Amino acid sequence: MKAVLILYFLYFLHWNEDTSTSIYHAFSSLCYFTPILGAAIADSWLGKFKTIIYLSLVYVLGHVIKSLGALPILGGQVVHTVLSLVGLSLIALGTGGIKPCVAAFGGDQFEEKHAEERTRYFSVFYLSINAGSLISTFITPMLRGDVQCFGEDCYALAFGVPGLLMVIALVVFAMGSKIYNKPPPEGNIVAQVFKCIWFAISNRFKNRSGDIPKRQHWLDWAAEKYPKQLIMDVKALTRVLFLYIPLPMFWALLDQQGSRWTLQAIRMNGNLGFFVLQPDQMQVLNPLLVLIFIPLFDFVIYRLVSKCGINFSSLRKMAVGMILACLAFAVAAAVEIKINEMTPAQPGPQEVFLQVLNLADDEVKVTVVGNENDSLLIESIKSFQKTPQYSKLHLKTKSQNFHFHLKYHNLSLYTEHSVQEMNWYSLVIREDGNSISSMMVKDTESKTTNGMTTVRFVNTLHKGVNISLSKDTSLNVGEDYGVSAYRTVQRGEYPAVHCRTEDKNFSLNLGLLDFGAAYLFVITNNTNQGLQAWKTEDIPANKMSIAWQLPQYALVTAGEVMFSVTGLEFSYSQAPSSMKSVLQAAWLLTIAVGNIIVLVVAQFSGLVQWAEFILFSCLLLVICLIFSIMGYYYVPVKTEDMQGPGDKQISHIQGNMINLETKKTKL
């Protein structure tokens, strides 16, 4: 569902890029805060099975409300926004609530004597997650873009299908209720840890008198209330949690694949020759490369490094993963700069952009005269000549009248038109009997298509024309040089667009309408060739191929494999078995905090996009240096040193979490 979420905010709710990014990451952050709530409900109250059932129903309800919020016919902007935010909140509660339960409940079905089968189950479980991500990231954008609902992209279908599949999954899961092993709630270890830490701090504060002897460790102040084994376990846990402090910055970069990188992709050309890729489909590279890189790193790269005699410890792998993510964002910044170079310039304050469209049958000389009779522009425009670009005109004030001197054959005409700063205009020159006349057309409000393909029409016929751009999209253009508004269409070939007047049906060949372009079509009646459309580009198509995003995706995914898989494996090996679920909660919290960092930067930095990418890259580089220093002074603990006699038996839940993460590299 998240694959199309940023485009839904941008195109359907019409939020700007910064607001869309902020809400996207607020939602992502909430999805990683709610697992703590889900774990507490499962461990202290309902147990895993009932938690999965009940919160999956909340999950489905969220998708239903989200789909309703994506129906254009249901209310206006406010209704859509409210339904969307309510739906996203319920989805975050549902997905977060079941996140800590699903894998562990599967592990609960195996007894200790079936440890090998349980290991195989977790490998299949992780494979299923990535396979699902791979398929859905590819198909959901197709449901959005290839299917039209009410003349627009079908976001309701893109949100509804995952919800429907969740219903099917829930029914299949519930059908096995009678054969499942359902361990009762065993108490919430996360809550115990927090209580132990809080008691130690408060007890130390109460006994701060100099007469009271000091204790070896600040957590020893919890000895009055909590058992020694728990205090020892929490001590080991805090050593690992200290290393978690720099981690959110990595997630801040990694999770921008679905937001900032997708927004970058909409300004690129998705035509790969053999296949046309939608901007939101580019995210499919991440799960695909994860499935390729995990065995590649485990069986090839790490072994080669080991044979070279290099001690490539877990903390070093994580530091290298951070550096790879830094490089990925440096590459993303370079791509962004290149895109900006190819993007048409924007008019600044006291500036307008003007193009002249000569629809007369012969050449016209145009002179633009300012308020002080100074010639601002002199051009000779041939009949139906395609102007390569807009001309920039400077204004004395925010709005100004321009005088136009038109020379056509032996005629000289003077006309006046008003313009306002920071806008684009088209001066349309048309035949008027034996003479000519002109009209000023204000082009699209924001002269950027946000990656969408847009078209508009000028109708030179004496009758109005209805144009059917697709099954659900049509527009009417008035007679005698009527000008339509811009309409968004799907990228593709349009060899025969059906049109009709009150007494005639005909087809127009619009040719290829490419990514990011804005086209103007002039419908003319040529004596020799009949009715046809003269085509010109108001905004050129995206020139930079979307394939240029491949290096940044490869770098960040390699960084993810080295950082994420290794990080969990390392931290699990350094903490007592009783603390595995607390570590899982803390790990998810670092992801949540990382998303909050993106939200804050997107909302308050005010930087242009390439500079924001550089900022994130530099911030992570600084964090990487800090993490490397912390890791240098960290003394790894051997597992047998941490485990007391009572720790040898690892509980089902804890063992499951270990297997789920450490077996990632063995896939």
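Cβ coordinates are placed from backbone N, Cα and C, and glycine is handled just like the others.
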| remark: When TrEMBL is consulted, the range among 81-102, 191-212 described as transmembrane segment turns out to be 81-102
| remark: If one takes Cβ-Cβ under 8 Å and requires six or more residues beyond its ends, the residues near the transmembrane segment (54-75) are 1, 8, 12, 38, 41, 46, 81-84, 86-95, 97-98, 149-150, 152, 155-160, 162-163, 166-167, 169-170, 173
| Recorded stretches the transmembrane segment (284-305) and the transmembrane segment (23-42) touching, at least 3 CB pairs under 8 Å | no
| note | When counting C-beta pairs under 8 angstroms to the transmembrane segment (585-607), the leading stretch of 81-102, 236-254, 613-635 is 236-254
